[in-house]
Amino acid sequence: MTFRHRHLLGIEPLHPLEITELLDRADHYATLNREGRAPRDVLAGLTQINMFFENSTRTQASFELAGKRLGADVMNMAMQASSLKKGETLIDTALTLNAMRPDLLVVRHPNSGAVDLLAQKVNCAVLNAGDGRHEHPTQALLDALTIRRAKGRLHRLSIAICGDIAHSRVARSNIMLLGKMENRLRLIAPPTLMPSGVAEFGVEVFDDMEEGLKDVDVVMMLRLQKERMDGGFIPSEREYFHRYGLDAAKLAHAKDDAIVMHPGPMNRGVEIDGTIADDINRSVIQEQVEMGVAVRMAAMELLARNLRAERTGTEATA
Ligand code: NCD
């Protein structure tokens, strides 16, 4: 089985074998990146446009670098200054860009579902770089690759996802991916930050960190998404850190060799203690950033392969 999608909009439609194929390819690119030998011809002749309607540091930089390492022509649209501000709809912007014939469109948008909608209007490959609280597939894939490299496998692990799960597209994509790969998932959050309908996910739910972290292999911390809250979700940041912030005392309940993850950007002293985040024996946060580039290279390569096959197929039958 090979990865056979036109777009990468979410983890939901992916088969476990497709996930494995993508991770294997990304692992290969991680090695080439370390050796400074990324092949410049893989995306040569293709145009990649990055459209970020929400702020981003690492995801945008990572997609840009991934495209450039594989030889694509990469353009970053400054969406803050775009015609959207003049009242143009998302669809009109998409159609305008589509007319410029890009091959890969990387989109981040504050509204859940906006990237899916856009994908229906264009004839290039679309990659979801995060839509509202819906999905962030490349983040889940880079997390999976980081876990697989640290633990030597991506199944039958006990993994805790902690913090602001309700507002997190990272959590949603990770729950789906890690569930598909048959891991045991534990969600730890105050009841106000636990999504409704969580029982359907096939996970264990905790509101106490010490109980939830007991004997886990992986501790995945999430940022408090204040921009998606309209007040009243937590009593105070100080109180939140006391009960849900990851510090040495709480981490002591996990396995001795448990790894600590965070997708960034981190609020030190709110969801994670700075010394834990910087502890190179426990934290794989920098490795996550490194794997981000490799995963995005692999994702764009596979989509470009499918796009080229589709185009040649169309030409052949035309
Ligand atoms: C995440 C995002 O934007 O969803 N960050 C990221 O992509 N590295 C998580 C977050 O913003 O907290």
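In case you wondered, yes, glycine gets a Cβ from its N, Cα and C as well.
Over all protein chains present, the Cβ of Arg108 (carbamoyl phosphate binding site) has 25 other Cβ atoms lying within 10 Å. Per TrEMBL, carbamoyl phosphate binding site is recorded for Arg58, Thr59, Arg108, His136, Gln139, Gly264, Pro265.
The L-aspartate binding site annotation in TrEMBL covers Lys86, Arg169, Arg223. Annotation note: Arg169 (L-aspartate binding site) sits in a helical segment as assigned by DSSP. Contacts of Arg169 (L-aspartate binding site) defined by a Cβ separation under 8 A and a same-chain sequence distance of 6+ are given as Ser112, Gly130, Asp131, Gly132, Arg133, His134, Glu135, His136, Gln139, in order along the sequence.
Annotation source TrEMBL lists domain 'Aspartate/ornithine carbamoyltransferase carbamoyl-P binding' at 6-148.
Using DSSP to sort the residues of the domain 'Aspartate/ornithine carbamoyltransferase Asp/Orn-binding' (157-302) gives these counts of helix, strand and coil: 60 helix, 24 strand, 62 coil. Per TrEMBL, domain 'Aspartate/ornithine carbamoyltransferase Asp/Orn-binding' is recorded for 157-302.
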In three-state DSSP terms, the structure that His136 (carbamoyl phosphate binding site) belongs to: coil
Entries of Arg58, Thr59, Arg108, Gln139, Arg223 (binding-site residues) sitting next to ligand 1, with Cβ under 6 Å as the cut-off: Arg58, Thr59, Gln139, Arg223
Arg58, His136, Arg223 as binding-site residues, winner by CB count within 10 A: His136
Entry from the binding-site residues list Thr59, Gln139 having the most other CB atoms no farther than 10 A: Gln139
Binding-site residues listed as Gly264, Pro265, least Cβ neighbours within 10 Å: Pro265
Alpha-carbon spacing, Arg108 (carbamoyl phosphate binding site) to Arg223 (L-aspartate binding site), which is rounded to whole Å: 18
Max pairwise CA distance, angstrom, over record-listed carbamoyl phosphate binders Arg58, Thr59, Arg108, His136, Gln139, Gly264, Pro265: 16
